[in-house]
Amino acid sequence: MDALLQVPVGGFRFETGTSGSCCKPRNNLDSATNRFTGFNESESKSQNNPSSTTDSTVCSDYHPVFKYINDMLLMEEESSLLEDSLALQTAERSFFDVLHDQTPPSGEQEDDVSSAGNLSSVTSLHQPTSDFTEIANSNEVSTRRYRHRYDDDEEDDLESGRRSKLPAISTVDELAEKLEEVLLVCQKNKQEEATPNKTGRAKSSSNRSKQQITDQPVDMRNLLMQCAQAVASFDQSRAAEKLKEIREHSSSHGDATQRLGYHFAEALEARITGIMTTPVSATSSRTSMVDILKAYKGFVQACPTLIMCYYAANKTIFELASKATTLHIIDFGILYGFQWPCLIQALSTREGGPPMLRVTGIELPQPGFRPSERVEETGRRLKRFCDKFNVPFEYSFIAKKWETITLDDLVINSGETTVVNCILRLQYTPDETESLNSPRDTALKLFRDINPELFVFAEINGMYNSPFFLTRFREALFHCSSLFDMFEATTSEENDCRTLAERELIIRDAMSVIACEGPERFARPETYKQWQVRILRAGFRPAKLNKQIMKEGKEIVRQRYHKDFVIDNDNHWMFQGWKGRVLYALSCWKPAKKQ
C-alpha cells in the first residue's frame, strides 16, 4: 500500500483525449462521444504531439494507482449496468402485464421465456433511430449477457407485433366504413326501425340511479339557480354548499333531472375554479369516428331533429337540381358530412342520370398540426358513397374561420346550380358582443356574395346568448332540461349512445355557456326571429317550403317517433320541438334583388 501511495504529483496528467489507456474512454459507450468537436480537437492535438502519447502510456503502465482506480471504476460500471438492466426489465415487465392483462403461469419456463420475448419486442419498438443509435449499439455489448436467452424469441415477437399492430388502424377504418351505412337513413323509414316506446317512457334494464340516490326528491332547477346566484355574487361559501347539495342528488348515469344537475354542477364548479376536467371546443372532439357513428345511429332512431333538418333540406335541393347538369353545394359547417349520403342516393335515381356533384366543405380549423384533417376525411367518406351510387363527384375543402373567407377562396363555375347550406353551425361564429365588426354578419354577407340559387339555414332556437351570466344560465337551464327530458323519454339510462349524444349535443355547449366568458364562450345561439333579422339584413328574401315536404315530414314523425315531438311550420319556417317548446328552426332563402 505504501508503494501505491508513493506517486509523484507530476504523474497525474489531466490532458483530455490522449490515447493512453488510463485517459481514454473506458468502454464503447464513452467512445461514441468522440464525434463531438471537443474530443476531435483534443485527439488531433495528441496526434500532433507524440510526447503526450508516451506520457500516457507510461502513466498506465508504471503507476499502479491509475490501474487500481480504473479497475474499480470498471467494476462499478458493470455492477450499475446489471442493476439498471434488471430494474428496467422488472419495470417494463409490470407495464407489459398491465397492457396485456395477463400473468405468465408459475412453474412453466416456456411461458416465462415467451413473456420475456414479448417484453423485448415491446422495448425494441421504441429503440431510437437517430444519431443515438450508435450509442445504443455500443451499450448492447455490455447488456447482451443479461438477455441472450431472449434473442430468438425477440425477433419472432417483433415481427408478430408489427403484423398485429399495423392492421389495427385499418381495422378501425374498416369498421367505420361498415357503420357508414347508418347514414342512409332514407332507407330506414320502416315501422320496425321506429323507437319501441313511441307513447311512453323508455324502459331501463335496471334501477341503478334509484339505488344510488335514495333521498327525497328535490327541486333541482331551484337548487341550480340558487347556486348560480351565489356564483354570480361571488359568494364562494354558499356556492360550495349548494354544489355539495346538488351532487348528493345528481348522477351522470341517472334520470334526466339527475344528469341535468350533475353536468350543470360540473360547469358551475369549472366557472368557480377556472379549471375544466375535460376542455371543450367547437372544433375538437375526443370521440372516435366509430363511436360518433354509433351515437348517430341511436340518436336518429330516438329523435327526429337531425333527420327532419336533413330531410327538408335535401328534398328542397333535389327539387332545385331536377334539371341541373352540375350541382355545387357549398356546405358551411360540413362537419362529418352526415347530411349528404341520402341526397347522393336520390341523385343517382334522378331521371336522365345524376348531375355532376361538386361539394365544397367548409369547417372551422381544428387545433394542432392538421387543422383540416376532419374535413378531408369527410371528403373521402362522401367519395365512397358517390362511387357506390355512380354519381360524378368533385370535392374541395376550406379549414378557416368563416369571417376570414373571401369569395376568391371559392371556385364557382358559371352555369352550375349553386346552393349554400348551413345546418346547426352558424351559432359557433362570434357575434358583435365579441367583435365590433360582427363575424356572424360577415359570414352571412359572404353567403349573399356567392349569389346562390338557394340558401338552406337551420339553427337551435336558443335564448342563452345574453352577456349577463344569470340570464344566460336561466335560459340554458330551461333549454337543456327539455333536451335531457327528450332523451329520458326515448332512450334507456344504460344506453351508451345516449351518453355520447348528450356529450356531443348538450354538455359541450352547456359547459361553454356556463363556464366560459369572452372568446372562450364559443356557443352563442339566438332565436329564430333574431336569425331572420340578420339574414334579411344580409340581402336574402324568404322562400316558402314545399307543403308536400312538410306533410311527409309530419307523417314520418307521427309514425316513427314519440308522441311529444312536435313539428309545425309558420310561413317559411319549419319548427321542431318537444312538449310545446321550439328547439330547432329551419328555413330556405333566395338572394333578394339589389336595389
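Every residue, even glycine, has its Cβ placed from backbone N, Cα and C.
Unlike curated records, TrEMBL annotations are generated automatically.
TrEMBL tags one of the stretches 87-91, 262-266, 272-276, 327-331 as motif 'VHIID', and that stretch is 327-331.
Here TrEMBL gives region 'Leucine repeat II (LRII)' for one range in the set 377-409, 410-442: that range is 377-409. Note on the motif 'VHIID' (327-331): residues 317, 321, 337, 339-340, 347, 355-362, 410, 412-413, 416-422, 450, 452 of its chain, located 6 or more positions outside it, place their CB under 8 angstroms from a CB of the stretch.
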